[in-house]
Amino acid sequence: MARATRALHTSVTLHHSPAYPGHIPLNTFENAFLTLGSALVALIDPRRGDMVAALGETTAGSTLPKLRDAMLDSPEGRRILKERPRINSKTLDIQKFKALPDGTFGREYARWLEVCNVTPDSREPVHYIDDPELAYVMQRYRETHDFYHALFALRVSALPELALKSFEFANLGFPMNALALGASIKMKAAQRERLWREFVPWGIECGGSARCLLTVYWEERWEQDLRDIKKELGVWDPPAGASIRPS
């Protein structure tokens with residue numbers, strides 16, 4: 001699949017002009033080919049972040065314009081689109097976050113990074129979205145995904161990750177997040193039963209009633225108490241058993 005993807009990259013760059021650095025334009029056939037291929041590889045090996053990212057982009061469809069419009073309808077969202085902040089180890093001061101009081105968003109995000117052994121630099125760049133503004137919306141979602149983990153103190157193993165995918169599908173609408181739930185077939189029976197009985201209903205209800213998380217300027221909220229953020233956004237913690245916090 002990797003060889004075919006490289007060949008596809010070479011092919012499309014010969015007859016399309018990229019709209020931004022890293023952009024790889026696709027025609028309808030190429031988009032369908034990459035969708036099927038990335039879906040197959042992602043199902044076999046969910047750790048293939050490049051294929052998961054490709055699937056998210058090729059299936060985004062009308063979701064990105066809707067999210068862009070939601071951001072434009074929000075004061076915070078409009079500023080995000082105007083300023084286009086990026087999230088990585090160069091733009092974030094993790095040591096500063098560690099000095100913040102317990103319970104603040106910055107402190108809990110730093111704690112989550114440390115406990116889960118994750119860095120802010122692990123997200124794939126966007127390649128297959130043609131419109132530069134919509135490409136940024138996708139990149140913003142990708143880079144704020146870990147903030148959602150920290151918001152709910154969710155681990156990065158299969159059960160909490162799929163629980164969060166159900167929340168993101170209800171809140172943001174990406175088809176990829178619903179498709180990701182198909183990976184539950186690889187879980188142990190007891191975990192899979194609990195996912196669908198407890199965590200998916202939480203994700204659908206909580207995500208569906210919450211404010212669109214892409215309209216949140218997270219970088220301005222490091223010192224804000226997580227309890228206040230949750231109350232403002234209209235979210236609540238998932239069922240027990242998926243948190244980095246002791247039960």
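Backbone N, Cα and C define each Cβ position, glycine as well.
Nobody curates TrEMBL annotations by hand; they come from automatic prediction.
For reference, TrEMBL has these:
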- His145, Asp146, His149, Glu161: Zn(2+) binding site (BINDING)
Handout entry: Densest Cβ neighbourhood among Asp146, Glu161 (binding-site residues), 10 Å radius
Key = Asp146
Completion exercise
In this structure, the one of the binding-site residues His145, His149 whose CB has the fewest other CB atoms within 10 Å is His145
Completion exercise
Surrounding the recorded Zn(2+) site, with Cβ no more than 8 Å from the Cβ centroid of His145, Asp146, His149, Glu161 and those residues left out, we find Phe147, Tyr148, Leu154, Val156, Leu164
